[in-house]
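What follows is a single structure, written as C-alpha cells, with notes after it.
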Amino acid sequence: MEGQSVEELLAKAEQDEAEKLQRITVHKELELQFDLGNLLASDRNPPTGLRCAGPTPEAELQALARDNTQLLINQLWQLPTERVEEAIVARLPEPTTRLPREKPLPRPRPLTRWQQFARLKGIRPKKKTNLVWDEVSGQWRRRWGYQRARDDTKEWLIEVPGNADPLEDQFAKRIQAKKERVAKNELNRLRNLARAHKMQLPSAAGLHPTGHQSKEELGRAMQVAKVSTASVGRFQERLPKEKVPRGSGKKRKFQPLFGDFAAEKKNQLELLRVMNSKKPQLDVTRATNKQMREEDQEEAAKRRKMSQKGKRKGGRQGPGGKRKGGPPSQGGKRKGGLGGKMNSGPPGLGGKRKGGQRPGGKRRK
C-alpha cells in the first residue's frame, strides 16, 4: 500500500509537470514572425480548426489567440534583463515593422517672393563653399558671419568719399547701414510669412494712431508704469503736486487663525460691552444738528439762486432796475421821491437809511 501510494504520487507529479509544460509549449507547423519592438506576432498557419468549428468559432478563436500570445511571451522571456530600482525589466529591440503614420503628411512650405521669381526666370542657386581665402590675414576664413573674410566693418581706416561730408563719422554710417539692411531683411521675412498665411501687415510708414486717450486712461497707464519696477514703485520719485494713487496694491492683513488668544479675548469682550451698554450708538443731538445744518444750506442756496435769477431779469429795464413811483433815477428799489426808503429828512440820492442827508446806501455803524 505504501509502495503504491508513493508511485501514485510520483505519477501525479509527473502529470502535473507535463500539464505545465503543455501550457507554455505550443507547436506550430510554421514558425511565427515576431516583431518584439512593436510586440507583434504574425501567424502564417492556415486556421484549419475554424472550418470545423461551425457557426460559433469563439472557442477556437480564443484558443488560437492564447497560443499565439504564449509564443510571444516566450520570446520576451528570452530577452536579456536588467534590474532598475528593485524591478527586473527587459529592453525591447528596435521595431522592424513600419506602422502607418497617425497624422497626415505635412503640407509643403509656400514659396517666398524670391523663390517664385527664381522659378519663373529659371534661376538656380549656386553652391558656394563656406570657407574662402583672406588675403589680409593670410588664412582661410568664413564667407559670412562672425570673423568672416574681408570684413569691412573691422577696418581701422576708411577712405572718405569725395562727395561726402568730411565731418561725418564713416564708421557709424557703415554700422547704421548694416542695421537698416537687417531691418529690411526682417520686414521681408514677415511679409513672406503674411503672404503664406494670407495676412495683412501694417504699412512701412508705421502703425496708425489708436485715438486720443482720456485723462483716466493716461493716469492708469502712468500708475501701471510706476509700479512696474523691481520695488513695485516703492522708491519711485513723485512730482511736487502729484496725488497719491488710490488702491496702491496694499495687502490685507488678516488676524491669525490661532495663537493670539489675548487679542481674540479683547475683541470679544469689547463686542459684549457694546451690546450690553445702555447708551445708544446713534448720537441724536449730533444727527439733528447735522440735519438742520444741511436744511439751512439748501435754503441759502435756493435764495442765492433766486436772487441771481432776479438780477438777470431786471438788467434790461434801465440803470435803476425795478422801481415804484417817481421819476427814474440811479437808485435801486424804492418808493416815491428821488431818494430811497427813508424815515426822516428830505428825499435824497441814497438808498435805505435813517436820518440825515448823506448820499450813501445802507450803512453800518
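Using N, Cα and C of the backbone, Cβ positions are placed for all residues, glycine too.
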Listed as SUMO2 cross-link by Swiss-Prot, one of K12, K154, K198: K154
Residue from K128, K226 to which Swiss-Prot assigns SUMO2 cross-link: K226
Record-annotated SUMO2 cross-link (source Swiss-Prot) among candidates K121, K266: K266
Cβ neighbours of K154 (SUMO2 cross-link) where a neighbour is any other Cβ within 10 Å: 9
Secondary structure content of the compositional bias 'Basic and acidic residues' (235-245), with strand meaning DSSP E or B: 0 helix, 0 strand, 11 coil
Residues of the parent chain within Cβ reach of the compositional bias 'Basic and acidic residues' (235-245), under 8 Å, 6 or more residues beyond its termini: 219, 223, 226-227, 229
Cβ packing number for K266 (SUMO2 cross-link), 10 Å threshold: 11
Inter-residue C-alpha distance, K266 (SUMO2 cross-link) and S5 (phosphoserine) (nearest angstrom): 91
Cβ neighbour count (within 10 Å, all chains shown) around S5 (phosphoserine): 9
